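To keep things clear, I will list the structure first and then write my remarks on it.
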């Protein structure tokens with residue numbers, strides 16, 4: 001072996017650098033093309049699409065499959081667990097954000113130019129979307145988001161446990177408190193409203209259930225009513241009954257606590273219904289959040305997600321073309337997304353009418369309740385305002401602070417937020 | 001033919017340097033040395049200083065600039081608002097509430113960590129068998145991620161349902177399950193937060209105390225015993241504790257700053273609940289999580305930095321940080 005050969009061992013400097021460079025380049029290329037599931041290039045256009053982590057099995061694979069099926073650009077899917085809102089927020093203000101992403105309607109994003117209007121791609125099928133879905137994604141008359149799924153939320157209850165306790169499904173808030181008390185026995189709690197005792201997810205529905213609104217049609221504070229104060233007091237009564245399940249392993253959006261028999265009733269969404277059916281058969285039913293007080297009304301909260309195109313997308317037109325392809329043209333894929341994993345109501349009226357899995361049993365009841373009692377997010381009720389109202393409910397209900405002053409404080413803070421978007 | 005070499009330098013040979021030449025050479029040599037050292041200094045310190053400038057001081061400066069503007073959904077200023085962001089932050093409630101949260105947290109965690117870490121160090125210092133083993137055992141939790149530890153605390157030990165570890169133990173004594181992170185009255189969530197931090201941090205501070213204990217000369221104890229002091233509390237009170245003064249000041253300072261920076265356990269155990277929201281969690285949600293309000297976020301971050309600086313200086317003043325041991 002010559003000295004030269006000796007220097008060329010696998011541990012030699014040049015070899016090491018060469019090998020490291022190859023590995024780094026391979027890693028870089030792998031990262032660039034990660035999660036596309038695609039073998040070859042598609043003309044150089046690349047689109048980054050972000051989803052939050054859905055809980056239903058098969059959704060991530062479905063998202064990857066849709067991305068792979070698109071032939072006019074390489075679509076890379078980022079499946080983001082945990083705090084999706086924060087990751088998205090930092091992504092959108094930097095240059096490392098998504099081109100296409102799912103989120104909730106928010107006027108700030110439209111007014112600050114983070115997202116682009118999508119009127120041109122939705123124009124041909126606009127009438128096939130419900131007016132409420134369009135309104136929820138519209139700012140100043142322009143449509144900024146294409147609704148992907150409608151996710152009604154309600155109270156699930158175990159029929160057998162209610163029968164055993166001699167309790168009827170609650171139709172008023174007082175009945176709900178009473179039912180929760182009667183069902184709280186034998187190691188099974190009466191009701192589960194999540195890790196924050198409902199102060200997060202029920203912050204808006206609670207106001208609606210009293211007959212009040214969050215904002216007026218011309219975007220002014222509307223929730224500071226005696227009815228809201230009454231609603232907070234009733235919610236406090238429910239909390240202090242000590243019949244709520246608190247500190248469960250998973251939050252309200254996961255039906256595990258209900259399925260495992262830790263609670264007799266739980267607030268959850270339609271998406272969880274296939275899992276609940278599989279675990280409990282027909283031993284469950286659903287009711288809206290009951291109305292509170294004399295002006296009250298039952299509430300089914302419509303969560304759901306919409307797709308947006310970032311104004312910072314590498315190629316906005318290419319991103320819009322992909323959104324049009326996936327969420328406007330590919331009705332089969334939309335139906336698959338809405339009904340093959342968890343249950344969601346397709347936002348397109350024509351698709352909703354054809355969704356056979358939602359036309360019988362409790363799923364059909366859910367669609368009916370959604371139609372009669374559905375409440376949608378207002379794009380002018382921003383993420384910051386949501387936090388304010390959640391603080392209001394948490395302080396009044398969990399911490400037991402004075403509800404009148406909490407409502408007044410929340411009003412001041414929401415008005416300050418409204419000034420920012422005026 | 002021969003060449004006479006006596007009395008003359010050979011052609012081409014260098015003459016021995018005189019005193020003036022020596023001084024010149026020395027100066028030249030020293031100059032090279034200084035320049036060489038300076039170059040080496042900048043070579044090694046330069047990247048660090050550039051990083052510090054680029055990733056710390058420029059963002060802090062930008063943050064101050066941003067705090068004087070409305071900057072909603074953008075890190076570029078949009079409208080000059082002067083000190084309005086500061087006024088909002090200090091009067092709107094959630095931020096000032098968050099200051100109380102971390103003050104309470106610091107008041108519980110700092111003394112507890114100090115006492116327990118010192119006690120642990122004294123124990124480990126005294127034992128003669130398997131000392132290295134015990135040091136490692138107590139130090140290992142320091143290597144654990146706050147997120148992972150939070151999940152273990154939340155899902156396993158302090159799970160609020162009947163099969164949580166703590167609730168299982170309570171069940172043996174006929175006590176009803178406690179919703180550890182779900183109840184405010186009584187505030188059981190403090191038990192979860194504090195035990196988690198103790199478990200994660202005790203080992204680190206124990207090592208600091210252990211290093212300081214090993215530096216105390218044995219002669220001091222022998223002299224004290226000769227003078228009639230009894231081993232135990234008396235020598236601890238009059239020898240050990242005074243000798244640990246410098247370490248104690250540093251440890252308390254570190255613990256206090258770590259308490260101010262509390263984020264991970266609050267974020268993972270009690271995400272964004274107003275009754276358990278320290279300043280960093282508040283600022284995180286204001287600037288990034290939901291609000292995307294970088295003007296308010298920057299103002300809050302600077303107020304928090306100023307507070308930490310003030311408390312640190314005050315603490316240094318009170319405890320005489322930097323003074324020589326007597």
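Cβ atoms are placed via backbone N, Cα and C, with glycine included.
Keep in mind that TrEMBL annotations are predicted by a computer and have not been checked by a curator.
TrEMBL annotations:
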- B:1-13: compositional bias 'Low complexity' (COMPBIAS)
- B:1-33: region 'Disordered' (REGION)
- B:41-60: transmembrane segment (TRANSMEM)
- B:99-125: transmembrane segment (TRANSMEM)
- B:99-315: domain 'ABC transmembrane type-1' (DOMAIN)
- B:132-153: transmembrane segment (TRANSMEM)
- B:188-213: transmembrane segment (TRANSMEM)
- B:244-263: transmembrane segment (TRANSMEM)
- B:294-314: transmembrane segment (TRANSMEM)
Ranked first among B:41-60, B:132-153, B:188-213, B:244-263, B:294-314 for CB pairs under 8 angstroms with the transmembrane segment (B:99-125): B:188-213
Range from B:41-60, B:188-213, B:244-263, B:294-314 with the greatest count of C-beta pairs under 8 A to the transmembrane segment (B:132-153): B:188-213
Contact set, same chain, for the transmembrane segment (B:244-263): CB under 8 Å, 6 or more residues outside the stretch: 102, 105-106, 109-110, 113-114, 117-118, 197, 201, 205, 208-209, 211-213, 216, 278-281, 284, 304, 307-308, 311-312, 315-316, 319-321, 325
Positions on the same chain near the transmembrane segment (B:41-60), where near means CB under 8 A and six or more residues out: 305
